[in-house]
């Protein structure tokens, strides 16, 4: 009995032992609950096998799609084949959306620039059409024996030559001025659309971002923004002006040279346009497939580079290169189809135009032979037809590029159409902490997948201003509590309250501003140490940054860096250690200074000495400011002094109380504590099986 009391006393009054913080290598020998609990290594919640009791779930599909087909249909980055009417409807919707940026309601500066650009464009087209007339006059004027009449080129055709040159120069000047005037309109639209999409992406919930790969997303954004400028310029400078120029040329040919020229011109226009539209529509699927392959290749490359260390640790460079080569091979295959179909389109367009040009020249030459037309008329017809070739070829290429840009922008606008599962109620009021930050989970049910519930009718209360620990085996729902509290996900049954306010009824920004999180896997930006700390409060001064760094016991470490607080931490903070990253995360949260704090294995990467000093500082801050704090922990030594310890098991509360109460209860927590307490000897070495058996006998 006495040895048992001594052992019970030891569990209730823990002694500091550095060996207790080492990673256990014998955990696999421990059955049941203790098997998954003794490591402080990075963990993921694995949903447990469902039992007979199933919680009521309201919208499980909002968290995890029911099937792959639904996922593909709802993914804005996935290529979905459309019928011709559906594609036209989508294209017109994009064009309509772009008119908002081309002709904004209250932006008179943009309207003025667009109007001026259109005026310059019309002027350029009118001057272009004048050029063949002047050329005809020059040829007819020179089609005499100039020496016989005692004249010179200047006296015979000087005025026409000057007019010819002035028209060409004027058309070029007007066209370049038009480009300069319109540049600000296009760039402003690109900026607005890109910012709108980026803002929308940041507002989407965690479900969307966990299911998307960064490489494909950034590639789609890049292509879409590049297409904006072309679509805007096409709407203003290509489609309508080209149609205007074609109409003017056709009208001149008809008026000056009769019905035969008119009929041939109309036939050419109809054939050329129909062939271009049909062939381009047929080519669209190849371009869409090439875009999808491009997204995949970009995703593979970014994913491999982000996880560079994992690639090196497992010597999988060849495997990653093979993956990338496979993705590029698919892109190559689809790009060849695009290039081949483009060659077919260009060939067909040239055949149609060359046939029309041949017919026109025959009719004009026949008119000269009959004496009804002059040589100047022959030249003018040739010039007009060639002048017609420019807008025709341009219209063909514009249509091709327009289709490409519309496809790219379709993905961009599809991203804007993605609805967030987490929505703020209309008229939601800011969160008011009238009780100091009391948190309640009432009959909460939640599952990431409909068939794998995580929380089952969970009810618990976290008192205001207290330090509360949440412990339990991996997959029991500890980190899920934070995600629900932060509204990264919504509960599927029950409710979450903060000071008696349902978090679904309060303003999202005020809710998230009131919660501070120190995650186990600390997210850092590829920027300076100071920037990463200041991210907790963007307007903080350098002195405030240094102050919180000192409280987090990381100031001296930062001072030892090559550039101190200006040292770059690298991609995702990979240039500093895990412990340094966690202390920067603690500094960041101290700078934010929210009323509710959540620490998710926040010291798992620290050595015991630093961890102990840091926890003393954190505890003093919590007591001093009366903050409500929640600590998720596997190592019970770090949370035994909590005001309340909540033990989760299989999605519900197994027991709760103080450390001493739970030890006296001799339940799940006592089993966990005993396993960790007895795993190491006083010398810091793992106990042998004989030593453990001897202790059990006592």
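Backbone N, Cα and C define each Cβ position, glycine as well.
Given the structure is predicted, the values throughout are model-derived calculations rather than measurements.
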- In Swiss-Prot, residue 83 and residue 219 sharing a membrane side: yes
- Which of these ranges is annotated transmembrane segment in Swiss-Prot: 325-343, 344-362, 401-419, 420-438? 344-362
- Sort residue 479 (ATP binding site) into helix, strand or coil using the DSSP assignment. helix
- Query: Okay, the transmembrane segment (344-362) and the transmembrane segment (114-135): do they have at least three CB pairs under 8 Å, pairs separated by 6 or more?
  - Reply: no
- Contact between the transmembrane segment (378-399) and the transmembrane segment (257-277) (at least 3 Cβ pairs under 8 Å, separation 6+): yes
- Task: May I have the DSSP-based helix, strand and coil counts for the residues of the topological domain 'Mitochondrial matrix' (183-231)?
- Result: 45 helix, 0 strand, 4 coil
- Task: For residue 483 (ATP binding site), list the number of other Cβ atoms lying within 10 Å of its Cβ atom.
- Result: 18
- Item | For the transmembrane segment (159-182), sequence-distant contacts whose Cβ falls under 8 Å of one of its Cβ atoms, 6 or more beyond its ends | 113-114, 116-117, 120-121, 123-125, 127-128, 130-131, 134-135, 137-138, 141, 153, 232-233, 236-237
